[in-house]
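> Pulled the feature table from TrEMBL, pasting it below:
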REGION    A:1-22  region 'Disordered'
REPEAT    A:28-66  repeat 'HEAT'
REPEAT    A:105-143  repeat 'HEAT'
DOMAIN    A:105-286  domain 'Phosphatase 2A Regulatory Subunit A helical'
REPEAT    A:182-220  repeat 'HEAT'
REPEAT    A:221-259  repeat 'HEAT'
REPEAT    A:260-298  repeat 'HEAT'
REPEAT    A:299-336  repeat 'HEAT'
REPEAT    A:342-380  repeat 'HEAT'
REPEAT    A:381-419  repeat 'HEAT'
REPEAT    A:420-458  repeat 'HEAT'
REPEAT    A:498-536  repeat 'HEAT'
REPEAT    A:537-575  repeat 'HEAT'
REPEAT    A:576-605  repeat 'HEAT'
Amino acid sequence: MFERCSKSWRAQRSEPGGGADGDDSLYPIAVLIDELRNEDVQLRLNSIKKLSTIALALGVERTRTELLPFLTDTIYDEDEVLLALAEQLGNFTMLVGGPEYVHCLLPPLESLATVEETVVRDKAVESLRKISQEHSPVDLEVHFEPLVKRLASGDWFTSRTSACGLFSVCYPRVSSTVKAEIRQHFRTLCSDDTPMVRRAAASKLGEFAKVLELDYVKSDIISLFTALASDEQDSVRLLAVEACVSIATLLPQEDLETLVMPTLRQAAEDKSWRVRYMVADKFSELQKAVGPEITKNDLVPAFQNLLKDCEAEVRAAAANKVKEFCENLPEDSREQIIMTHILPCVKELVSDTNQHVKSALASVIMGLSTILGKDNTVEHLLPLFLAQLKDECPEVRLNIISNLDCVNEVIGIRQLSQSLLPAIVELAEDAKWRVRLAIIEYMPLLAGQLGVEFFDEKLNTLCMAWLIDHVYAIREAATCNLMKLVEKFGAEWAQNTIVPKVLGMANDPNYLHRMTTLFCINALSEACGQEITTKQMLPVVLKMSNDQVANVRFNVAKSLQKIGPVLDSNALQTEVKPVLEKLATDTDMDVKYFAQEAISVLALA
Amino acid sequence: MSAISASEKVDGFTRKSMRKAQKQKKSQGSSQFRTQSSLVELSPLPQLKDAPSTEQQDLFTQKLQQCCMLFDFMDSVTDLKSKEIKRATLNELVDYVSTNRGVLVESAYPEITNMVSTNIFRTLPPSENPDFDPEEDEPTLEAAWPHIQLVYEFFLRFLENPDFQPSIAKRYIDQRFVLQLLELFDSEDPRERDFLKTILHRIYGKFLGLRAFIRKQINNIFLRFIYETDHFNGVAELLEILGSIINGFALPLKAEHKQFLMKVLIPMHTAKGLALFHAQLAYCVVQFLEKDPTLTEPVIRGLLKFWPKTCSQKEVMFLGEIEEILDVIEPTQFKKIEEPLFKQISKCVANPHFQVAERALYFWNNEYILSLIEENIDKILPIMFGSLYRISKEHWNPTIVALVYNVLKTLMEMNSTLFDELTSSYKADRQREKKKEQEREELWKKLEELKLNDTALVQNNSHGLQNAQNNNNNNNNNNNNNSNSHDNQDKSTAVGVSTDIQDPDITTATTESTTSAK
């Protein structure tokens, strides 16, 4: 194959009228051929990734007549190279001469669409879908549709799987005879022998239904949908659930009951938890698609069952949807349905045996308070919140705390504060630093909702304790947290409560804590303003320039650079400059570097 | 919660082993979807052996029906009495079908398959541990095992009963039944998979009509495993069954079987968990090659295509499989693949991971491989020499260096003239390679420039282009000068006579463009 191409390259070369132009534009393909022969995959990959460069250099005509045939012939290679090729070809329309010639790209992509490796095949299909849009209706029928047919009737399952993704892109723009053929092919693939093909067809069923005329949706799609939804393999059945959403959206309300609901009911009670999981996971979409009446009659009991499912996986997926489901219930009966049907299930889930179920519920349960209003929240939801705040699993508590704002709007946070505090304190000391980090991030929000008094009394010590945490990420977050608090409570509050404590740490024996002082100053100087910065912070920073640890000294230089803009020019010249100059002659090279950087940034040279 | 141990204070991450230990506690799961809302308590039936022979059949059926009742084993306190009755009944049934003759009357078949299906066919539960590592983690065991085990036992005895008649059973043990049985191979419980393996083997042996179907479904399971899920617990068991199935294939091999080898078994080597089933997989591959030696070339090329790039552990397994193949290879087949194969082996020998290098060097301890190398020393020595020579000086591991010296010595003894030639030209060859490498980089740089120029001035002759042209030609010339002789031969045979005519053209083109550049 290589030989064939290099031969034509040589032949071209010896053409009498070939001239300099011919030689030059032929040169890139020679490089490519040489590189594609290389034993090193990486080099082959590099050359394929630069395919557009080569095509550009060749010009459109030679790209069509030489490069593309060459690529089509040499398609056997490592999957990684093929993947790169499949991707490149999707963007090649202009390089072969625009939409008029786009069909030249079909042969190599067709071969790629039959490769075993899924990523290659998917990429080839993606590229084919992309370039299908650039075909004129005529070209679509002459070139593209035959390709789809060939793939759909291929021997090996790979080509048939690829075909499934191509029907919907060509269907809208072809004649009615061809449309009939396409429908027939799709039907065949839906009952293919190989489960892989049926899965591919099932996953494209919704997409295909969207481009079909309504009559055909009713006559063709529904029967395919019903068949796939009762396939012997659960991996096929669960994909039909996804299609159910699109199909239900397309059909008029009066047809849903007879055409879709029997299948959906069956899916919600499928013996495989995977199918039931899928129903739970798509519940909000399904609810919107079938409308309020069916929701009331059918989906409410189905949802109750999913919330009580024997498989934790399914319960967790359903618990995740509780808020959305309730929100989308028809307004006239919403409260009644929630109170009598949903809430009892929710109550049970609060003490579920599985922590994933509980934490899924905790992430949405607070949202119910806005729907149910103040009285119901106080009477029914509050006990649940309080129970979850005491849950043994930190994730559950955290999810409750992170959604406090919803409750705050309805009943105010005071109701919760008694239980909140122990929960926060415990999370603040959790063994997992990610949990601690998460709770720190909610501190500014909590502070805002609980008020300065409550904060000073209960939470301030926690915030200061995080500054000396043994994990850097926590100390960093704690610093940032202080800044946000100051923005909320003002400079005066800062001066009285946190600044003295922060500055006190400058004398800590642990150099990491001394550095934390500097980091806090970096974060706080702007929020605290010029006066506090100059009078209280600056002296401390300057004093630390004599620290025996080099890391502290170069952080002094960095801090000075950071707070410089907040200071007045007098302080800069008389106090900062001498210190930086001294640091610039430090024995440590990093200290020198940062001191010099600060001098130049602050223009003190 | 608030009590944090000192070790955790220091290290925010809990150790993997500690997390595992916590997990281990609840390593039981059950997946029987409990639809029965209210359980009826079982009451014991009289013993089969005490019943008069006329009533035995009826009693047998009743007992089978009784065993269709399912119990929740996750709850260890409920239904204790009924659970015990079912267990005792199952035991009795096992005993009944394995010791008595003439008990398998036609009417018993549907009852038996029904009881078995009800008990064992279920959707397997989600894995307790989403990142379950079969090599390290304890598997989740089936909680209902005290019953399920006896059901499997009973089914196996039923299949092995001398009175068992496949012609009757095939009405009940059909494609649907087999499909559900195959799905159970994904069970995390190794005890269950072991039973399934024996049962499937029996079914394959007794039901000729199901054989093609079983093979096809296994095919589908494997393809899904390779390309879609990357997860299936029973791969090793299925491969073990296939090993003996392949053994029984008639010659010449059907296209279907060859396709299975090339499109399923070979790509299976790419799986993440290869270590779990590599022994069985390699056995299947070697079985194929023993049946039909002409498959050797495509198989080895396939393995080379999927050769692991980053996983040393897998590379060692691949080398092991290659050795197994070489053990049975025919000398004529060896000649067909020696070149690509030894290029790979030479890379492995030079691998910085000493286990990979060591595994490859062990090939030289194999008498048969050694004899194949000796026969083809003129081809193999030039391929191997560079790597061996280099690592004999550079490898960090003294054991490897010692092994390499032995290998070099062996090779030298095989053809000392060639060895001396290669030694003396080693340095020059390396330098030539380096130069080639530099030129290649230059080329790509020029090509980039060309792209820029092309976008700026369409179809305009620039100097960059001309220079690139020169470089390219130089490169070609170099290739011609130093490339291995067989390379040239290949080319001339493929291109045929025309090469002779066209080659001078290139030279002219070169001189022309050089002059025009100047």
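Glycine is treated like the rest: Cβ placed from N, Cα and C.
All TrEMBL annotations are machine predictions without curation.
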> Test of understanding: applying the rule of at least three C-beta pairs under 8 Å (pairs 6 or more apart in sequence), is the repeat 'HEAT' (A:221-259) touching the repeat 'HEAT' (A:299-336)?
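Contact criterion not met.
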> Do you know the DSSP helix, strand and coil residue counts for the repeat 'HEAT' (A:299-336)?
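Counting residues per DSSP class in the repeat 'HEAT' (A:299-336), I get 30 helix, 0 strand, 8 coil.
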> Cβ under 8 Å, sequence separation of at least 6 from the ends of the repeat 'HEAT' (A:498-536): give me the contacting residues as numbers and ranges.
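Result: 460, 463-464, 467-468, 475-476, 479-480, 482-483, 485-487, 491, 543-544, 547, 549, 551-552, 555-556, 558-559, 562-563, 566-568, 571.
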> Could you give me the DSSP helix, strand and coil counts for the repeat 'HEAT' (A:537-575)?
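Each residue of the repeat 'HEAT' (A:537-575) counted once, the result is 32 helix, 0 strand, 7 coil.
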> List, by number or range, the same-chain residues at least 6 past the repeat 'HEAT' (A:260-298) whose CB is under 8 A from its CB atoms?
222, 225-226, 229-230, 234-235, 237-238, 240-242, 244-249, 251, 253, 305-306, 309, 311, 313-314, 317-318, 320-321, 324-325, 328-330, 333, 337
> With Cβ-Cβ distances below 8 Å as the criterion, list the same-chain residues six or more beyond the ends of the repeat 'HEAT' (A:342-380) that contact it, or say none.
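Here the qualifying positions are 300, 303-304, 307-308, 312, 315-317, 319-327, 334-335, 387-388, 391, 393, 395-397, 399-400, 402-404, 406-407, 409-411, 415.
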> Against which stretches of its own chain does the repeat 'HEAT' (A:105-143) lie, if we need a Cβ under 8 Å and a gap of at least six residues from its ends?
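Same-chain contacts beyond the flanks: 68-69, 71-72, 75, 79, 82-83, 85-87, 89-93, 96, 99, 150-151, 154, 156, 158-159, 161-162, 165-166, 169-170, 173-175, 178.
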> What average pLDDT is reported by the model for the repeat 'HEAT' (A:260-298)?
91
